[in-house]
Amino acid sequence: MALERTLSIIKPDAVAKNVIGEIYSRFEKAGLKVVAAKMKQLSRQEAEGFYAVHRERPFFNALVEFMISGPVMVQALEGEGAVLKNRELMGATNPKEAEAGTIRADFADSIDANAVHGSDSLENAAIEIAYFFPATDVFAR
Ligand code: RTP
Ligand code: MG
């Protein structure tokens with residue numbers, strides 16, 4: 001497997017639940033290193049731009065409202081097969097369908113408030129990391 005980077009967001013619901021550390025611990029135990037991080041209140045424009053691929057979906061407005069409802073924790077993760085590994089740690093989009101022991105099964109309340117975001121491909125990971133972090137703020141480790 002190749003060394004990859006992926007973009008992760010701890011969403012407003014999980015930040016409000018005070019489980020940032022619990023989620024970071026899962027990344028670290030799985031061999032993913034935090035190589036960039038910041039807490040941030042997304043503007044409407046930033047949230048709309050980030051989820052632009054979903055613009056025509058019926059859930060787009062609710063998704064944007066939720067993502068700007070409070071601060072988020074944004075991080076780039078690095079490790080072997082990081083994109084898929086992070087998606088496995090996250091579990092299914094709908095927490096009711098997420099496997100036991102995944103972040104969404106343990107911390108998410110609904111398909112809308114589902115605790116975390118993770119890039120879904122290596123190509124999108126590069127785009128999403130650059131959306132939040134200038135190259136000088138990502139640290140090779
Ligand atoms: P994310 O992008 O946040 O990591 O989530 P994902 O890949 O698992 O799911 P995606 O299809 O990209 O959808 C983005 C977010 O939109 C909300 N959603 N709601 N009501 C619905 O049918 C529905 N489908 C998606 C979720 O909050 C999802 O995380
Ligand atoms: Mg997605």
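Just so it is clear, glycine is given a Cβ too, placed from its N, Cα and C backbone atoms.
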Co-listed ATP-binding residue [TrEMBL; alongside LYS11, PHE59, ARG87, THR93, ASN114] among ARG5, ARG104: ARG104
Largest CA-to-CA spread of ATP binders LYS11, PHE59, ARG87, THR93, ARG104, ASN114, angstrom: 21
Binding-site residues whose CB lies under 6 angstroms from ligand 1, from LYS11, ARG87, ARG104: none
Residues satisfying Cβ distance under 8 Å from HIS117 (active site, pros-phosphohistidine intermediate), sequence separation of at least 6: LEU7, SER8, ILE9, LYS11
Listed in sequence order, residues with CB under 8 A of THR93 (ATP binding site) and six or more positions away: ARG104, ILE111, ASN114
PLDDT averaged over the residues of the domain 'Nucleoside diphosphate kinase-like' (3-140): 98
